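The block underneath contains the structure these notes are about, expressed in structure tokens.
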Amino acid sequence: MSSSFGQVFRISTWGESHGTGVGVVIDGCPSLVPVTEEDIQRELDRRRPGQSDIVTPRREEDRAEILSGVLDGKTLGTPIAISVRNKDHRSSAYDEMARTYRPSHADYTYDAKYGIRAWAGGGRASARETIGRVAAGAVARAVLKQAFPDMEVVAWVDQVHHVKASVDWGAVTASAIESNIVRTADPSAAEAMIAAIKEARDSGNSLGGVVKCVVRGCPPGLGDPVFDKLDATLAHAMMSIPATKAFAVGSGFEAADMTGLEHNDPFYMQGCRVRTTTNHSGGIQGGISNGEDILMRIGFKPTATLMIDQQTVNRDGEDARLKGRGRHDACVLPRAVPIVEAMAWLCLCDHYLRQRCQRAL
């Protein structure tokens, strides 16, 4: 199983949904970076379950404990281990799923690959695996903010099912996004999104949608062609998040409908800085950041576990019917926002440290 991400700033997540706990080991973090448990906890609180009435009611404090690699609020340059205990797991709700496969979940494919799986709560396929990513993302953020104080990563829910928000990439703020439980910066769309999620939940169904993410203040020069282009590794990072099905940077698929003259971003000088008049490239050209805002869209499928009777099969190849039990998100989008941000920070931090190894910034 590949549970690691990054080359220089490298993370390895561990743990299962209903095991003793989950966490992450970070290797390659520079020394003397200010990091506290409070910094990590702030991000974990944004992704934890039970935070509102439109997410899973599972009650977990998700308290982060730094086990190694940090002393007196500063990183030591040695591996950083962060642990979070699982407390509110009810494995009995998954007894039937030990033999019967949930449609479109990872139950069957894990069995096909490993011949065994941690069936309670989905094991490693559970979104609780992302706790380690979010914790590590907080550390990556600290590394980058030390080098580039103005850099920021802001993600928000742009669409839930058929409800779309109207949000300006350039003006969106973290405070506006956190002002509502669905995490969008469009108040009118937020109300409609919340209503749609509740309606799906009450009927036992689920909804998907789109998260948008903008990176501001990224320096030019990050990215490692040809196989580790910045947009390629961002795609890798985002598509590794549970339930993701699509990724686009800049104009994305809309580029197919444009001419070269329409899509090209003309250059101009702003003092000593090279700028572009448009940003169809989404801040990345030739796989390398150009200093403009990096614009991303990530598509999420509806949650696979439904409280509706569905056709399936069991481990013995017999036809079966299955109705989900347990506690699940009817829509993962509100809690996916901090996960998307964390993966962006991790990707950018790794590329920054790679670049620092090659050339002084």
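Here the Cβ of each residue, glycine as well, is placed from N, Cα and C on the backbone.
A quick note: this is a predicted structure, and the numbers were derived from the prediction, not measured.
Listed features, source Swiss-Prot:
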- R47: NADP(+) binding site (BINDING)
- R124, A125, S126, G286, K301, P302, T303, A304, T305, R327: FMN binding site (BINDING)
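Everything Swiss-Prot records as a feature, shown here on the structure.
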| residue | record | Cβ within 10 Å |
| --- | --- | --- |
| R47 | NADP(+) binding site | 25 |
| R124 | FMN binding site | 22 |
| S126 | FMN binding site | 21 |
| K301 | FMN binding site | 16 |
| T303 | FMN binding site | 24 |
| T305 | FMN binding site | 25 |
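Straight-line distance linking the Cα atoms of R124 (FMN binding site) and R47 (NADP(+) binding site), rounded to a whole number, equals 17 Å.
When the record's FMN-binding residues R124, A125, S126, G286, K301, P302, T303, A304, T305, R327 are compared pairwise by CA position, the greatest distance found is 44 Å. Nearest by CA distance to R47 (NADP(+) binding site), out of the binding-site residues S126, K301, T303, T305, is S126. DSSP assigns R124 (FMN binding site) to a helical segment in the three-state reduction. The secondary structure of the residue listed as 'NADP(+) binding site', as reduced to three states from DSSP, is helical.
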